[in-house]
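Remarks on the structure that follows.
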């Protein structure tokens, strides 16, 4: 991969250098000689090029790997069943059109236009809202610490699958209690009503006693689970080597990590729909209950699922888009990827609920008693269903391999985008030698040690705090509101449409522009307010209540990202010289080196005779594209 050298066009000194380069062999000579090199290029000879994707497939697979993750398998199907089956698709499609696609496209196009990571892209389009970039990276830093814990659990389960009998299929192990009952072998006449009430399944005891060794509460952190610590180390090692060479390594790894889960999902789908009772499970999954649409919580669940599953407001899409060629048709890519993501979620529901229907059929209980979401589905419900199948170790192996690959590319793309943001802020520091690789190593080591606290006996309580507060839907909605305000009103939706037209050759439908300006921020603000009004303190398993300081930690993690935006606005306005209108004028003016490089603009990579003639003003300076379209 190579990246072309750039000669930015601007006023003042930049214009002088451009005119001085018109010597023989310069960029604007009439002889058609090679373009001039910017003097800085020679001084920074040791600075590595930023790089690009080798081809479109690498970009598409990287984005697909990031957005298609565990939430598609363990969250969407359960939400669909819980919120009216097929009726849930109505609010889901509304949010898909009004929030999912517009914000997804906004972030991807912004990265492609600026060729910058998740922080510097906002600095270039509107310095006043650079805090958006910091907010996204704080959320991403939280995700990098806790999301990979799920991979550690999955690796531990996978390591226990290579046996003739799965260890969570039977009682009698050292971690089982006297209340352990194998329900598939249950003879009700041998148990009293009281003993059945206290009975627990071997799969539940394996999860709570063997894997988590869970304590009584967050107050009792307990000992480190060293086996899980080794699994976490393995996960971080794999993650590091997937991204240590940037797009050169990531672009190759995603050919496997983004496609393999589809093979596993197809196999599990075929197996699931052929099981007895599968049809009942699918019916519960899709049977429409239109009366549920009157419940506001159904609409909130649909909106938050869109934000969770599309990886928006994390800076990932901006970072991945920044490695695209300038003229890549990012609009077409975004529409295709959004449809692929939602389609995968829908199909995954058949694979999951067919198996849950089978489990309910085998146990003779309603599906409502076996349906789970989140870790409960991945590590309790589905493993329990697998024990009822012939060749159960094989199906368990395939399932946990699918989980690992689904989570792995989501994890390393998150780390890659955080690294991209840092490197783009300090390119002369980190694009030399092996400094970028050392930065990735440092972030991985720090995140690993921070994650160890979630692998203690009380670690599950901390994990739930991260999941419910640090990367909650409330934080994502808050960031989305400001993203839309910045692009739709401050930078200007029409100007951004000009930038997009310059990149892809045409203007997308006006609906997306109106979503940026009105619909998306309005909907997000409504859901955000609903979150605050209906807020209920987190309870683990709906039983354990956290101490006050536990909720305090959760809210600190949530506010650590959301406060970045208003704090940055206040600090920059205070530090900028001039009157308030002058300050706002400066802070809402895009960077002078932010240029359109296609047919509507001038390429900063190569300056030709025609370009120089077209852009030179009467006073000899080169025109800068800094006209404002602020809707204040």
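Glycine is treated like the rest: Cβ placed from N, Cα and C.
Source: prediction; values computed, not measured.
Between the listed ranges 553-571, 572-590, 591-609, Swiss-Prot ties the annotation transmembrane segment to 553-571.
Between the listed ranges 306-323, 360-377, 414-431, Swiss-Prot ties the annotation transmembrane segment to 306-323. Relative to the membrane, residue 47 and residue 177 are listed by Swiss-Prot as lying on separate sides. When the ranges 253-270, 271-288, 613-630 are checked against Swiss-Prot, the one recorded as transmembrane segment is 253-270. Residues 79-80, 288-290, 292-293, 298-299, 301-303, 305-307, 310, 312-313, 317, 330-331, 334-335, 337-338, 342, 480, 483-484, 487, 508, 511-512, 515-516, 519-520, 523-524 of the same chain lie 6+ residues outside the transmembrane segment (87-106) yet bring a C-beta within less than 8 angstroms of a C-beta in it. Within its own chain, the transmembrane segment (131-151) is flanked in space by residues 70, 117-123, 231-232, 235-236, 239, 313-316, 318, 375, 378, 403-404, 407-408, 410-411, 414-415, 417-418, 421, 443, 447, 450-451, 454-455, 459, 463, 466-467, 470-471, 475-476, 478-479, 482-483, 486, 557, 560-562, 564-569, which lie at least six positions past its ends and keep a Cβ under 8 Å from the stretch. Classification of residue 198 (N-linked glycosylation site) by DSSP places it within a helix. Proximity of residue 198 (N-linked glycosylation site) to non-local residues of its own chain (separation of 6 or more, Cβ distance below 8 Å) is seen for 179, given in sequence order. Counted over residue pairs separated by six or more positions, the transmembrane segment (59-79) shares fewer than 3 Cβ pairs under 8 angstroms with the transmembrane segment (473-493), which leaves the two as not touching.
Each of 226-244, 335-356, 438-456, 473-493, 553-571 was scored by its Cβ pairs under 8 Å to the transmembrane segment (389-408), and the highest score goes to 226-244. Sequence-distant residue pairs (6 or more apart) of the transmembrane segment (553-571) and the transmembrane segment (253-270) include fewer than 3 whose Cβ atoms are under 8 Å, leaving the two stretches without contact. In terms of C-beta pairs under 8 Å, the stretch of 226-244, 253-270, 438-456, 473-493, 514-533 lying closest in packing to the transmembrane segment (306-323) is 473-493. The transmembrane segment (438-456) shares the most Cβ pairs under 8 Å with 226-244, out of the stretches 226-244, 253-270, 473-493, 514-533.
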